[in-house]
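So that you can see what the record holds, here are the features copied from Swiss-Prot:
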DOMAIN    1078-1150  domain 'BIG2'
CARBOHYD  ASN80  N-linked glycosylation site
CARBOHYD  ASN344  N-linked glycosylation site
CARBOHYD  ASN808  N-linked glycosylation site
CARBOHYD  ASN1441  N-linked glycosylation site
SIGNAL    1-32  signal peptide
TRANSMEM  1804-1824  transmembrane segment
Amino acid sequence: MIAFGAPRRRSFGLLFSLAPHLFFLFLIGTLANKLNVPQVLLPFSREPGRVPFLLEAQRGCYIWHSTHHDAVTIQPLYENGTSCSQRAVLVAESTQPIRLSSIILAREVVTDHELRCDVKVDVIDNIEIVSRTRELYVDDAPLELMVRALDSKGNTFSTLAGMVFEWSIAQDNESSREELSSKIRILKYSEAEYSPPDYIIEMEKQERQGDVILVSGMRTGAAVVKVRIYEPFYKKVAAALIRLLVLENIFLIPSHDTYLLVGAYIKYRVAKMVQGRMTEVNFPLEHYTLELQDHRLTNGGLPSKSVALLDEKTAMVTAVQLGQTNLVFVHKNVHMRSVSGLPNSTIYVVEPGFLGFSIHPGGRWSLEVGQVYVITVEVFDKSSTRVYISDNLKITFQFSKEYFEEQLSTSNGSYHVVKALKDGVVVINATLTSSLQERNSSQPKTYQISHQQEVKIYFPIQLKPSFLAFPHHPLGISNRFTVQVEGGSGNFTWSSSNETVAMVTTKGVVTAGQVRGNSTILARDVQNPSRSGDIKVYVMKLNKMELLPFQADVEIGQIIEVPIAMYHVNTETKEAIAFTDCSHLPLDLNSDKQGVFTLFKEGIQKPGAMHCSSVHIAATSPGHTLVTVSVTGHEEHAWSSATFAAYEPLKALNPVDVALVTWQSVKEMVFEGGPHPWILEPSRFFLELSMEKAEAIRVAEVRLPAKRKQNQYVYRVLCLELGEQVLTFRIGNHPGVLNPSPSVEKVQVRFICAHPASMLVTPMYKAPSGTQPCPLPQYNKQLIPVSSLRDSVLELAVFDQHGRKFDNFSSLMLEWKSSNETLAHFEDSKSVEMVARDDGSGQTRLHGHQILKVHQMKGTVLIGVNFAGYSGKKSPKGISNSPRSAGVELILVEDVTVQPENATIYNHPDVKEIFNLVEGSGYFLINSSEQDIVTITYREAESSVQLVPAHPGFLTLEVYDLCLAYLGPAVAQIRVSDIQELELDLIDKVEIGKTVLVVVRVLGSSKHPFRNKYFRNMEVRLQLASAIVTLRLMEDQDEYSENYMLRAVTVGQTTLVAIATDRMGKKFTSAPRHIEVFPPFRLIPEKMTLIATNMMQIMSEGGPQPQSIIHFSISNQTVAVVNRRGQVTGKSVGTAVLHGTIQTVNEDTGKVIVFSQDEVQIEVVQLQAVRILAAATRLVTATEMPVYVMGVTSTQTPFSFSNASPLLTFHWSMSKRDVLDLVPRHSEVFLQLPAENNFAMVVHTKAAGRTTIKVTVRSENSSSGQLEGNLLELSDEIQILVFEKLQLFYANCQPEQILMPMNSQLKLHTNREGAAFVSSRVLKCFPNSSVIEEDGGGLLRSGSIAGTAVLEVTSIEPFGVNQTTITGVQVAPVTYLRLSSYPKLYTAQGRTLSAFPLGMSLTFIVEFYNNIGEKFHTHNTRLYMALNRDDLLLIGPGNRNYTYMAQAVNKGVTVVGLWDQRHPGMADYIPVAVEHAIEPDTKLIFVGDVICFSTQLVNQHGEPGVWMISTNNIVQTDTATGVGVARNPGTATIFHNIPGVVKTFREVVVNASSRLTLSYDLKTYLTNTPNATAFKLFISTGRNVNLKGSCTPSQALAIEKVLLPETLMLCHVQFSNTLLDIPASKVFHIHSEFSVEKGVYVCLIKVRQESKELRQVLSVADTSVYGWATLVSERGKNGMQRILIPFIPGFYMNQSEFVLGHKDTGELRILGVERVLESLEVFHSSPFLAVSGYKHSMLTTGLTVYLVRIVNFTAFQQMSSPAFINVSCALTNQQEAVIVRAKDASGADHCEDSGVFKNFVGSYQILLFTLFAVLASTSFIFLAHNAFLNKVQTIPVVYVPTTGTTQPGSYTATCSPPHFLSSRPPLVQSRLQHWLWSIKH
């Protein structure tokens, strides 16, 4: 445990003791937050604050603290005006030159995490100069020097910022003093282009030097810079020196290392950098010489020779032999030769390794025909390093003259300029042959190193087409065009100069059209990017399009491609530019006739040579239409139109090919389709039928009626002579101007006229399309079936000698006969109906039909037909001798049916399903709607169909009777399915020993079950997870399932699944059914005894787990009633049976399934008597024993009567109070239960004696039937004997005795275990040894009999001393037990608790006692706990034996009973009452309410706990005081937590404010006088006041300072008179407050400072003020209530002074409303003044005039003090005063200088008018003005003019203008008076 107030320990133990989330935050904070430095060393200074240091922390906000303020102070820095500090300034404040230290602590305000920095202050011991280099260049960037200070221990100071130093240039030992300033100088930062620290800038402004300076080199040489501390205290600290060298910035050209071949040479140049510019220096050099140094030879070199030779005059180096040497600068000044910054170069003399090529431009060996290139040959050594090629090297270069033309070549052969001539692949060669030696050497150095390079030459790149033009579309539709490329390597990179106009892909696809403009598309060769080709791309506006010539008529189904050209026409030049590609533009196709042509969407819009797009249209129906093509959504409407025609294909409908007729018969020939008359020239349409022999036939064109098709052409052809010929039909349009190439179609047929040769009679069948005909007519001698139920149509067909069927034989004479007219007959045997029918050949022929009438009888009949001759008068010659008759034998049968009609077949190869065909002709066609689902075998001999499944699916088996009249097939619906699902149906909760039925079904598709005959093919079986149940197969109940009987054997849970295997071996498993075998369901108690109105809850055990809902019912509801929770309430005396069932509803069947049930016997009684149950009546002192009230019988426990309504009250008393105390239960935790809960008490014995305990049980109402005989009270009493416990005489050494119950055990512990050897033994037992046993190790076991024993415990110490103690052990039975509660509850002084707080966790401890009240040290009792209800307490076993933990979850009283299961009489009952401990009641809380929460709970020290709220945005709560403001609707929970004692809560439901209630003090009103008090408008958001609970002073302060509830409320005011053009906000200032005293919101309305004009307007305003308020959170949600506040405006007068003569009378004009004017009080301060009564103005409403005059003018003039006229009003609390003065003599004749006329004269504008004009206008304006005001003025506004000159406000009565003239129009009336005149003061 970590105690409160314990110091923080910096260890990991603290981290792991935190909650996980706090530990995480702590860990994050520890890792993330740190200071910039851990330690700081500051210099001591006599000048405080001169050396600051900035301390920075990362993240968070910190509070800074210094532990040693006199040594180091710290000043936080706040950023952006916030209170958050992450930085602080350290300043050394030490005044003593000694080493001091301080610790800086930075504490993070949120996490309390501390950061530490150690700061030391010490004296500077020495200083030194720090520099990045010691060398400077002349006229180069300056060098920064910095001072570093160290203390005596060598530690470096953290900062020297702000300290003053003195920098100077000291004398060098090698230089004279006069040269010092010429070599180096010290710069200020302000003179250089560098940014110094801020403190340096400030110091330079004060002409001081800091710890950082700049130095700049002026000329070469050495210089010494010195620095010392300026402060006098450090005058003994030695100055620091640094020696700097100033050099020239010179370099060699080339400056890199050089590689030479033997004999080659190189010339060097020297340049220097001066002020950023490079200047070449001529030889010889002024200050330097060049030397070759450090010659290093390779193996085999001649030591006598150098590697290279140097010509100092020309700086040329010649390679002599292999090796390396250094070319270095040497300063001529000996003192400067140690300089390391002079340039040097290393020269390597090497052997050649190989050659290389380079080419320019492009650097690629992919060239272009016609281009000029520079080819360079490069030499490399064996290490691949490039060698310098001098002019004396010889390289031969070879190339093909066919491919290249050489234009330039150098002498050494390393540089060539060539031109590519033709394309192809060619190889160039180069060979290094020799190097010519100079210096008279005759032997050149020879080499033979060659290299070759393959070169690819391509033609120049050309892009096609030459340019691209695309239309711009405002919707951003892009065009895509692939550019064709010629030349180049074939691999290109593409780019666009303006990608906003055109973009190009890597494949050369150009996308453009979204933005107007032009761009250049560039294609670069990947092999050589310097080669490229380009085209221009234009995106222009489309403003013209046209459809190009095309074919205009076409057959239906054919497609016409219409080419479209689009243009951009220049508006100025009229030049038209055709677009390259506009195929991506969306085209809109419109026709004036819909459906003739449609857009062929599969057609590709593609550009062509003459057009940029095209549209494909398909002919869909005959007709003509005007097709208009336009661009969709374009900025200019571009369109073009053309006419198209579509026609059906020309064909011969009848006959299709050949027409065959008998002599004198007619064939009607029908042709259809072909072109229509061209709509623009219909006169050119033609059609014709031509023949070979005109005399053999007669042709007549048939004019079709209007209802026939218009494109059909019919001709009647009559046979005149026997024979055959060809007829040709042509149709089309002749060519014309408007249709130059029309379509013409033709078709041919043959016409035959012949004699009949044979006849055939067959029944007429309406066979379905696609089926074969009846096979019977093929055999003439076979019986042909016909229906015996319906009349049949017999058909006669006639054939010629070639077996061809005649189209028409109507000229023949026929006769019909029946052999058995009882079965069938003909009504007219000599006539025949000729019916045109297509017999399947596509040609319509005439057939002879005759109806055979049947009589619904089965049998056979012979039908015959005879041919008698032609119907004409004459017959043709040559009639054949063919048969003259035909016959057919018929059998009459019924229709076919299929059995069964529906079936579901399992998809398995071993399954064979048979379908029987009943009746019918016997000739059937078996068809299936699906072909691959089953294999169908038609067994003709058995008249059945066998189906073998092949694939799952649904099909319809159709049986067509081929030889009966077709009415439709006989069908069977068949479903072939695999196993889809296995279904188990059972009750999954089974009581042990019971049986349930298990039904197994196998489902196919669509949840259709299979028949159980397929189960053997499916290998269906059941599988159990465990053997707690058994299964037995039963007889099948139906053909679709298998049934099993399941028997529950053992309690537990198992899983049952059904398994099946399909044809592929795949296993299917049903959804596992979890089966629970549960113990028998039992209701507790078995018998319940109640008094009337008492409630007790039924508990249960056993049954399914988790337990389902128990349904309760009672047999007699007049005795008792039960609710759904099982709470039984007694009503009247009697018995009843309560039934409890666990049941559910089957989802499939909807039936109620009962898992288990039990019953309880309910007995409702009246209390006949009561008795006090005390387990013992003789007790020792200082013990406790519970007592409680019982009824007459043992079943009448406190459960029976403790929860009645009305409640019984229990009153206890004692005869002697000094013997024992009788206290209520839970008194140990300081609870004081009311009398209603005191059915149980605790006896505390105090002293020996005998006393009587009495209890009286009272009922409030005798009619409630609680007590027998309608008594109001019952009582009982018992005697208790208290005696002293046996003790030894020597009371200071009392031996302890161990008390154990029987059959228990106790482990003894001593204080010497582990330090000594401890053993124990039983010395003696009484009455025998079975009382107790001991194992020698301290474990005692009591037996089954009571008795006593003596126990000896011995300790053998290691130091040789033995200790022995002897104690007694008593084994006795347990007499009673007692429940006590924990923890203790504390309340404020003077307050008590009557119930446990809601939400509290409490512990019940069980203690056991013997028959005299002694407490047992161990226990062996099996306890049973019961509650009278389980909805108020959550209770369960504790973490220790014989303890119970409970949580108070709801208000109410729960009776807890506890008893020994073996001895039910040993029991204890306690009431547990739970109530709210937080006040006030929170049932009706509205938004805006302020709640002062309070509780009487405190801790043991009298301190309150901590308040918490679950949702702060609903109830904003101050956690310190417990006051909250309801800000939003919702539910929140307020918690009060006293750590270690109790945590309680209360739920707060905040309702939305239904309406705001406004009120005010009816005695108050609003006014606009400046000194008016604030008006208060009270607002309530709920039903009454908004303050809930009683507030403490601290809570009231929190409401005012922290919560600010007034921010919820917005106040508003508005004048009620809408004609008053003044907003109320200009007059009043309004804000909201919350009044804790009244408990409501207050709108304070105060008067603003007003102008005179505003006061004048308001003085006569007849208006009130509307006031209202709104909640910020619910603005606009609820209806707004407004309240009308009376408004009394203050009176107004603008006169402040009167100047009167002895005869003058002044008029005091006052504006105001009527009630104000009536309450005016006007009085004068001088007796020489007289004020007459007021009079109302007749012209202006609200104007009152008082007449003022001087009574004694002489005396008035002699007054020393001025006189006043005082005007006051009690309503508005106004007081105004007007000064009255006497006129002097000089002012008597100057009337015109005062008043309005003075203003007229003073204005230069008015002087332009004559006096006459003014006077003439005045009368007119007076009349007009008054008339106008009377009409429009609702609120009278009058301006009272001010007169006087030198004294503003003075007034002369005799010269004043009328009172209605206004010199300054008021605000409201200014628009009415501007047209009068304007007067300026």
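Placed from the backbone N, Cα and C atoms, the Cβ positions cover glycine too.
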What is the separation, in Å, between the Cα atoms of ASN344 (N-linked glycosylation site) and ASN80 (N-linked glycosylation site)? 57
Summarise the model's confidence over the domain 'BIG2' (1078-1150) as a mean pLDDT value. 89
What is the one among the glycosylation sites ASN344, ASN808, ASN1441 whose Cβ has the most other Cβ atoms less than or equal to 10 Å away? ASN808
To the nearest whole angstrom, what is the C-alpha distance linking ASN80 (N-linked glycosylation site) and ASN808 (N-linked glycosylation site)? 112
As a quick check of your reading of DSSP, tell me how many residues in the domain 'BIG2' (1078-1150) are helical, how many are strand and how many are coil. 0 helix, 39 strand, 34 coil
Quick note, ASN808 (N-linked glycosylation site) and ASN1441 (N-linked glycosylation site): C-alpha atoms separated, nearest Å, by 116
Other than its own, how many Cβ atoms are within 10 Å of the Cβ belonging to ASN80 (N-linked glycosylation site)? 5
ASN344 (N-linked glycosylation site) falls, by DSSP collapsed to helix, strand or coil, into strand
